[in-house]
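Engineer: First the structure, which I've put down as structure tokens, then a few questions once you've had a look.
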Amino acid sequence: WTEEARWLCLEVQVEVQVEVQDHHLFMAHTCLHWFRKGLRLHDNPALMAALRDCEELYPVFILDPHLHNKTCVGLNRWRFLIGALTDLDCSLRKLNSRLFVVRGKPDEVFPKLFNKWKITKLTYEYDTEPYSLSRDTEVTALAKEHGVEVIYKISHTLYDINRIIEENNGAAPLTYKRLQAIANSLGPPKRPIPPPTLEDMEGVKTPRLEKHEKKYGIPSLEELGHDTTALTEELFPGGEQEALRRLDEHMKRTGWVCSFEKPQTSPNSLSPSTTVLSPYVTFGCLSARTFWWRLTDVYQGKKHSHPPVSLHGQLLWREFFYTASVGIPNFNKMEGNPACTQVDWDTNAEYLAAWREARTGFPFIDAIMTQLRREGWIHHLARHAVACFLTRGDLWISWEEGQKVFEDLLLDGDWALNAGNWQWLSASTFFHQFFRVYSPVAFGKKTDKNGAYIKKYLPLLKKFPAEYIYEPWKAPRSIQQAAGCIVGKDYPHPIVQHEVVSKKNIQRMKLAYARRSSDPTESPSKKQGAARVMCFYETYRITCFSTAAAC
């Protein structure tokens, strides 16, 4: 051989060696994808990142005792979660994979899994909640100790929440209008990505472990220690496939979608007057970006409503509260929350229990709370009514107590949205027209004067004539007897006199606001921001309670 040929041969050998090494480097990953909220395959960039350069895939959901316990997660939410996990496992099986459900604290579970399965890459969807950020920081540190690469992707929100805050000079926007302006400057949300296919899974295997069902199977409600005797019909089954089916059904109603305006829907219709997609967005069975772009497709070339009242507007409300929750410290508390008015709320266990258990003596309020406990969902204006009643309207109990109850009972209970809306409805933050109080009698009559909603959820009152259905205590004794319901015996008297306590509470709120105005630590910019929020609310008369997709 000539010297030139020898060098050429050596170069080819080196190239082949490098190619083989690179192939091994990029294709030998054993990946663990950590499902948390994003319980779906569509628009799941973190899952797709796991499949890149992957030989073995472990899709994992961790039953974290901090998040998944019987004290703060109600039975309906558990049922929805189990349904979502079952649906996810079914979808993974179609890709020749499986879901691994692991019980325990993430900081204790992951080191064991890293070692046992020889994990080299961990992927997950970014989460903005304080506990989640702390947990993820700890898990990331553990991963690095074990030589595990960590990749996270943003897909639970329309935008990168931290980017919105950066664009607002490092602070959370205090008004929806400001949030909307920033969103417009960033352009439309990223388009959702399709779910993985069998082709994407080519060369990727999920190990078939012995006794998988026993070790890593999805538990039943009974196995988790729940008494299921109180469960009623499941109106909103959990899971990605159900979410996409419901989305498809609603998107076919093009006229309804284009004309949708949140304030025009009814809080007490016998069937939902909104999409009820909120639980699916909360659990990540439905991507918010998928929802956004499906709406965009429907709107194309048609006259349609606009934010804040449109369906796009509801998704931006969701973004607004997520941004506030990241930018405002102690967002789910009154104390230590710089945006929240400090109010001397009462502590009244009897009143709180009566409200929670639908025993206030106000049929409209009790019907709403009955629906909430039974079905796990109520219309956003119904949420307004019971939230105002508990706090500044009637019972003068802290919004933090109501927040806990909603977290327990709502299928779409979302940390940021729940905290933000309770502050709003209690006139503690964002909304400051505390003199506007929902009447527990008159408000329901506007859309249901005959009380059909009350009769559905409080059948004890169904024989009362429309004249008394909202105020049965005013019915003569003879009418109560004819209805088979004696107030004070079969149904409680009102626990407060609304006309009296609502006026008293307005004065108490005035004092709280006066104290805030005279507080030397309160900056002028905060006061101006609060005024802008109040002005904005007066213009649109709209707020969204819980996940904005609850529209």
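Glycine is no exception: its Cβ is also placed from the backbone N, Cα and C atoms.
TrEMBL does not curate its annotations; it predicts them automatically.
Under the heading domain 'Photolyase/cryptochrome alpha/beta', TrEMBL lists 29-158. According to TrEMBL, the feature FAD binding site maps to 274-278, 314-321, 412-414. Annotation source TrEMBL lists site 'Electron transfer via tryptophanyl radical' at W345, W399, W422.
Set these features in their place in the structure for me.
Structural biologist: Its Cβ placed at the centre, V276 (FAD binding site) has 21 other Cβ atoms within 10 Å.
Counting only same-chain residues six or more apart in sequence, the Cβ atoms lying under 8 angstroms from the Cβ of W345 (site 'Electron transfer via tryptophanyl radical') belong to T391, W396, I397, S398, W399. According to its DSSP assignment, W345 (site 'Electron transfer via tryptophanyl radical') is coil.
The Cβ of W399 (site 'Electron transfer via tryptophanyl radical') has 27 other Cβ atoms within 10 Å, all protein chains considered.
Long-range Cβ neighbours of W422 (site 'Electron transfer via tryptophanyl radical') (same chain, at least 6 residues apart, Cβ-Cβ under 8 Å): A387, T391, W399, E400, G402, Q403, F406, S428.
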Engineer: Once the chains shown are all counted, how many other Cβ atoms turn up within 10 Å of the Cβ of E319 (FAD binding site)?
Structural biologist: 24
Engineer: Report, as a single number, how many Cβ atoms besides its own are within 10 Å of the Cβ of F321 (FAD binding site).
Structural biologist: 29
